[in-house]
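As written in TrEMBL, here are the features:
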BINDING   H103, H104, H168, H238, H240, M310  Cu(2+) binding site
BINDING   L517, L584, D785  Ca(2+) binding site
BINDING   R530, Y651, R703  protein binding site
BINDING   H582, H687, H784  Zn(2+) binding site
COMPBIAS  932-945  compositional bias 'Acidic residues'
COMPBIAS  948-957  compositional bias 'Pro residues'
DISULFID  C43-C182  disulfide bond
DISULFID  C77-C122  disulfide bond
DISULFID  C110-C127  disulfide bond
DISULFID  C223-C330  disulfide bond
DISULFID  C289-C311  disulfide bond
DISULFID  C631-C652  disulfide bond
DISULFID  C699-C710  disulfide bond
DOMAIN    61-173  domain 'Copper type II ascorbate-dependent monooxygenase N-terminal'
REGION    921-957  region 'Disordered'
REPEAT    567-608  repeat 'NHL'
REPEAT    622-662  repeat 'NHL'
REPEAT    680-714  repeat 'NHL'
REPEAT    767-810  repeat 'NHL'
SIGNAL    1-21  signal peptide
TRANSMEM  864-888  transmembrane segment
Amino acid sequence: MAGLVNNLLILFLIFQNSCLAFRSPLSVFKRYKDSAKSHSNECLGSNRQLVPLSLSDFALDIRMPGVTPKQSDTYLCMSVRLPVEEEAYVVDFKPHASMDTVHHMLLFGCNNPSSDEDYWDCDGGTCTDTSNILYAWARNAPPTRLPKGVGFKVGGEEGSKYFVLQVHYGDVSAFKDKHKDCSGVTLHLTNQKQPMIAGMYLMMSMDTVIPPGEKAVNADIACSYKMYPMHVFAYRVHTHHLGKVVSGYRVRDGQWTLIGRQSPQLPQAFYPVENPVEIKYGDTLAARCLFTGEGRSSKTFIGGTASDEMCNFYIMYYMEAKHAVSYKTCTRNIDPEMFRNIPQEANIPIPVKPDMTMVHGHHEEAKSGDTVSVMQQPKRDEEEVLDQGDFYSLISKLLGEREDVVHVHKYNPTEKAESDLVAEIANVVQKKDLGWPDAREFSNKDERANAILVRDRIHKFHRLESTLRPPENRHLALQPPKPGSGNWEKERTGDLNIEEVVDWPGINLKLGQVSGLALDSNSNLVIFHRGDHVWDANSFDSGYIYQQKGLGPIKESTILVLDPNSSAVLHSTGRNLFYLPHGLSIDHNGNYWVTDVALHQVFKLASNGAESPLLSFGRALQPGSDKNHFCQPTDVAVDPVTGNIYVSDGYCNSRIVQFSPDGMFVMQWGEESSVGQTKPGQFSIPHSLTLVSDFGQLCVADRENGRIQCFKPETGEFIKEIRHPLFGREVFAVSYAPGGLLFAVNGKPYPGDTVPVQAFVMNFSTGEIIDTFIPLRKNFEMPHDIVASDDRTVYVGDAHTNTVWKFASPEKMEHRSVKKAGIEVQEIKEAEAVIEARLTNKPMSKELLKKEEKHPVVQQASTGVSVVLITTLLIIPIIVLLAIAVFIRWRKTRIYGGKGGGGLNLGNFFASRAGYSRKGFDRLSTEGSDQEKDEDDATDSEEEDAVPHPPAIPPSS
């Protein structure tokens, strides 16, 4: 019997040790904090931090340790070891950098960094072994988003053990003040296995030559795909100044399927593919870059300077974990003849507005005739690169005369040889350039020619468009986000969090019904309101004739221009002109365009305060549906490029009307919604318009159909619909902010509906909801219009509460940044203070507690589950042991007739064992308490009324 007891106790010890062996991210954080190298970091104020997010997830901060580059085009590297030995997955990235100081950042995964210093010059490379590119950023790009279930695998037996951050500092004039830079990226990692592994496929042309004056020059790339299926979910294009359009395709059985097509002169983001594309064994991947040689007096070659060109098409993909390959390249054209059948769209440049163009190359290009000045770059007699020749010979030279690999790949392209070459190219690509080659010297066998390929080929990654999850179909009917997903999960579906600016005094303005909002060229807020007039059930008869003409026009100023910070009224206009104001927009010349639903008219007004319209459309107080009449028109949009005028008409007409810049009728489209399911191009009160300049679309808030429809403005051709269950039955207004974000507000729920009235931030490309927001002061009742600025400041006007709210991201409102570096110091210091308090059991200040409630630093996803799990694991063995003790006691009582034979003393048993310590138990208890956080403090938003008010009569307001 004693042997049985001993065996049971041994099993208990094993079980208890296995429980202790389960390390939460908090214990990993403690271990990592003790073992990590100490870095001098004047920006962060402390060492790098590992932040636990849940039992399985943690965040790893990778930052430059307070560096000051001395000269332009400096490449600095630093490394961070993965804090866990087991396999982990990177599922999210959050950059911390500013385009003012950083040209681009690359994050590599490898096992042997080139140096063990805190940071080093990347001249010596980033890694000494094969490395994989995990992330890239440039020009204030938002975070990269991976689809759910997809991650970059690191750690374990096969994954990378180190992260190496490479930062390219382009123009160091930003460091004249000698400030320290801590640019970098925060990774979200999980130890939960991901079914799909992410990777990058780079297609690049190596030998294109662009003749001077040539109008159209094609650079074609094509490779056969000989691996397991990969699923493409995002793409990016890159050229320098001469590139007009870059297109990528999958070719299968002669059919060309578009992966992505974009102008390289637009922000060079990773864009989600419009429709999911699967690449299978036997497919061909093809890409074309369209260049022009116009404006050049000499040949242009592929290279890294501003006077050179590049032709790159990047593909982000995922594969099943068991077949995953994280990096692939294609630098050939296996079948030039196939490009005779390339879709014609690949040969058509994409028009780009001058204010949307990006700076290309490693330096800014400054032209004076054909002269190109490369900033901060030492002058060479000839800034040219290889004009022709054998790419494989160049690879051979780079690989140290590895003719075996090159020869086999060129003449016997087996899968093994191709994978070997890809690995070797990856080694070369991740190193910084060793010099600037000269084409003539190369022809004389100068060894410096290898710098062409050694140069960092994957550079200047521009802003990464939020969420890369591809849409399931063209009509976006997406599910609402699941509640309780935590702040980090919320960020994974988008990069923007919006809250009310609670100290903005504009909420206290005395206004009438707020019907329209706009922003002028100085970012001043312009409000269109109804003064003492009110739209109610008595305003119109059944024929839409205004019934309150006897009141006369509104006597006070209906258009107010406000300072965006102080809300002070800068100037006003619009007296004695309007009866029931509705829509407002401002054209690129600063003119106001307004609609009046009582007058059934549209007006163009000068912004200088003149009280008479510059242009009028429609007949005063006469509703109609022909070319010369409107019926309660709702909004106006003016194309800044063409000058065309678009009017949404309106409450009693269901159409969009287009006019020429001089006011002549051009065309109209739209019809009343049919009974049952509404069709594209049908409207039930087209209530608000916004021009989506980045995509060349005009979007309409189709109010009573609860959706947003987008069209080609020149033709009225339907492009897509965005509809969400969270919209409810109505969408009142829509506004687009450059960079890919769409903002909208819905209407008050009908009786029985549970969808709250709120505002939305959406990814325009995918239609996915990034964030929803409501005010803290007062409540939305009928948010009637919304407008967003380029910096994502948002204003919402309400026609029932007569209120205007200002919203912005918490970072914009609360965080101070290091000068020109974009590093959120305040946020980091607060995070450190909170974590330190938790680790040392020190009390937090009231201010920190408040901020912690508003912005939790350590995310407690599934906290309740964690507590239950730990408690269960502890209680079960105790219950089993108690049962065993009772059984032994009973047996001994029976055997000895009730006389005790000695009790089972667990304390004495453990104390008698050599090496016994209570520390293991104490540590588990501490970690358990650290995980116990009141989840009720995670929200700071007021609830909407439980019982919704009856809705307003649909034709009103």
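Note: Cβ is positioned from N, Cα and C throughout, glycine not excepted.
Between the CA atoms of Y651 (protein binding site) and C631 (disulfide bond) there is a gap of 7 Å, rounded to the nearest whole number. Each of the disulfide-bonded residues C122, C127, C311, C652, C710 was scored by how many other Cβ atoms lie within 10 Å of its Cβ, and the smallest score goes to C652. Listed in sequence order, the recorded positions from C77, H238, H240, H582, L584, C652 having a Cα within 10 Å of the Cα of R530 (protein binding site) are H582. The Cβ neighbour count for M310 (Cu(2+) binding site), using a 10 Å radius and every protein chain shown, is 25.
A straight line from the CA of C631 (disulfide bond) to the CA of D785 (Ca(2+) binding site) spans 20 Å.
When each of the recorded positions C77, C223, L584 is scored by how many other Cβ atoms sit within 10 Å of its Cβ, C223 comes out lowest. For the Ca(2+) site, the Cβ centre of L517, L584, D785 serves as reference, and the other residues of the chain with Cβ at most 8 Å from it are V514, S515, G516, A518, V526, I527, F528, G583, S585, A733, H784, I786, V787, G797.
Among the recorded positions listed here, namely C110, C182, H238, D785, D785 has its C-alpha nearest to that of H582 (Zn(2+) binding site).
Note on C110 (disulfide bond): other Cβ atoms within 10 Å of its Cβ, all shown chains, come to 22. When the recorded positions L517, C631, C699 are compared by the number of other CB atoms within 10 angstroms of each CB, C631 has the fewest. Each residue contributes its Cα atom, and for C289 (disulfide bond) and H240 (Cu(2+) binding site) those atoms are 11 Å apart. If you measure from the Cα atom of H240 (Cu(2+) binding site) to that of C127 (disulfide bond), you get 28 Å. Here the Cα atom of C77 (disulfide bond) is found 24 Å from that of M310 (Cu(2+) binding site). Nearest Cα neighbour of H238 (Cu(2+) binding site) among the listed recorded positions (C330, L517, L584, H687, D785): C330. Among the recorded positions C311, C652, R703, C710, H784, the residue whose Cα lies closest in space to that of H168 (Cu(2+) binding site) is C311.
The average pLDDT computed over the domain 'Copper type II ascorbate-dependent monooxygenase N-terminal' (61-173) stands at 86.
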